[in-house]
Amino acid sequence: MDPFERLVQLIKKWNRKINITGLKDEASIKRELIEDSLKPLEFKLLYSPVMDAGCGAGFPTLPLAIKATEVQFISVDSNRKKINFLRYAIRELGITNVKPVWGRLEEQTELLDSFNTVLSKAFMPPERAVEFLYPFLKQGGKLIVYTTSNSLDGGVLQRAQEFYAKVEVLPYTISDSSQRALLVCTK
C-alpha cells in the first residue's frame with residue numbers, strides 16, 4: 001500500500017478513539033496534512049537535521065520523512081497522545097529518520113543551536129515563531145513557517161527582519177485553491 005494512503009488510514013483509525021486532528025474526511029486529511037506538509041520539498045528548503053516544532057500528531061514531519069528519507073527529523077510536542085500516535089505511525093510505516101520528543105520545547109535546551117531547518121506548522125502565530133524558534137537554528141539555518149499570505153502583514157515581516165539575515169515569502173496554492181505561503185527566514 002502507498003505510504004500516504006496507509007498514513008491516512010492510521011489517522012482515521014486513531015481519530016475514532018483519540019482526537020489527534022480535527023480533520024475527519026479523507027480529502028481534507030490528504031490536502032491539509034499531506035499535500036500542504038510537502039511544500040518545502042518543492043522549494044528545496046530542507047537541510048538536515050530538521051526540527052518540527054510543536055509537531056502535533058506528526059505534521060509536517062511524517063509526509064516529509066516519507067519523501068525525504070535522507071533527512072533526519074526531530075519532532076517535539078508536549079501532547080503525549082499525539083507523540084504516541086507519531087511513534088505508532090513511525091513503527092507502522094517503517095520510518096527510520098524521525099526521533100519523536102515528548103516535552104515542552106522551551107525545556108529542550110540541548111536542542112538550542114542544533115538545526116539547519118526548523119519547521120512551524122500551526123505551532124504558534126508567525127510573529128511569535130520568528131523570535132521563539134530563532135535560538136534553535138544553527139547559523140545559516142532556515143526557519144520555515146507554514147501560513148497564509150493574508151496573515152503575513154508588514155508587522156510579521158518587520159519582526160522577522162529584526163532577527164534574520166534574509167526573509168522570504170513563498171506563496172503557493174493547494175488543491176482546493178486555498179492560498180498559502182511559506183515564510184522562510186535565514187539566520
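Any Cβ shown, glycine's included, is placed from N, Cα and C.
Going by what TrEMBL states, the S-adenosyl-L-methionine site holds G54, F59, L105, E106, and the candidate of K39, K81, K121 recorded there is K121. Applying an 8 A CB threshold to same-chain residues 6+ apart, the list for F59 (S-adenosyl-L-methionine binding site) reads L33, S37, K121.
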